[in-house]
Amino acid sequence: MAAEDQIPRAQANPEKTKKRKKPKKDKWGQPISAAADEPAVEQVQEQEAPEEPVAAAAAEVGEGAESYERGKVVASGMPYTTTEEEIRELFDQFGPIRSLQLSRFPDSGNFRGLAFVTFESDEVAVKSLELDGYKIGNRFMRVERCRITASSKRQKKTEFESDPEKPDGCLSAYVGNLSWNITEKDLRDFFKSSRIASIRFAIDKRTGDSRGFCHVDFEDDESLEKAVGMNQSELRGRPVKIAYAIINRA
């Protein structure tokens, strides 16, 4: 026993007793190399790279800006009694107006509370949007940019959306927004400075009542021009629409 105690025990090798680190493995069980951290930089770079969608979005914004008609706004929700002069005076405060188109009911020619205002510049049109929500009469007007639609690209025009051009040989005028009890005498007195050949009232076949408009035939071109120049003049408390009559050719 004593001899055995005198035999020195072998000292353990610290290198052998040191625990070896287990290699890291990915989720597939494959060892991860020491350079495995490098691709992380590449991943970051790949995440920062996609800037094309931003550019595409900017392009879409640019395209959206072109979806409005330049310098043009549409005003809606106005009282039917609003006159062209009142609308022009309201929008003229923002800048010069190139054109003003009042939308009217095709059967009567009465103003339907909708107007298209075109300014000399797009900047003035944007300023006029301040009138959105403006109270006119007992109604609140809505003003917004006029969008380009398929029909506007084809320049499709409905009757009385804009004044028709004078047809060749035309001696007749459309007179709309008339009072329901207007008489032929009232119209002859109204156009007293012109030579009238005949007056043709539009009558509802079902009720026999006036439809609120008529056609006036004049004896000469000078009389017709005088009458058209009276457009929006007041007759019995109503602004009368006067325009060249459209000739229907067979």
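For all residues, glycine too, the Cβ spot is worked out from N, Cα and C.
As recorded in TrEMBL, the features of this protein are as follows:
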- 1-58: region 'Disordered' (REGION)
- 34-58: compositional bias 'Low complexity' (COMPBIAS)
- 71-148: domain 'RRM' (DOMAIN)
- 171-247: domain 'RRM' (DOMAIN)
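In terms of DSSP secondary structure, the domain 'RRM' (171-247) contains 15 helix, 30 strand, 32 coil. Across the domain 'RRM' (71-148), the prediction's mean pLDDT works out to 90.
Counting residues per DSSP class in helix, strand and coil order gives 18 helix, 33 strand, 27 coil for the domain 'RRM' (71-148).
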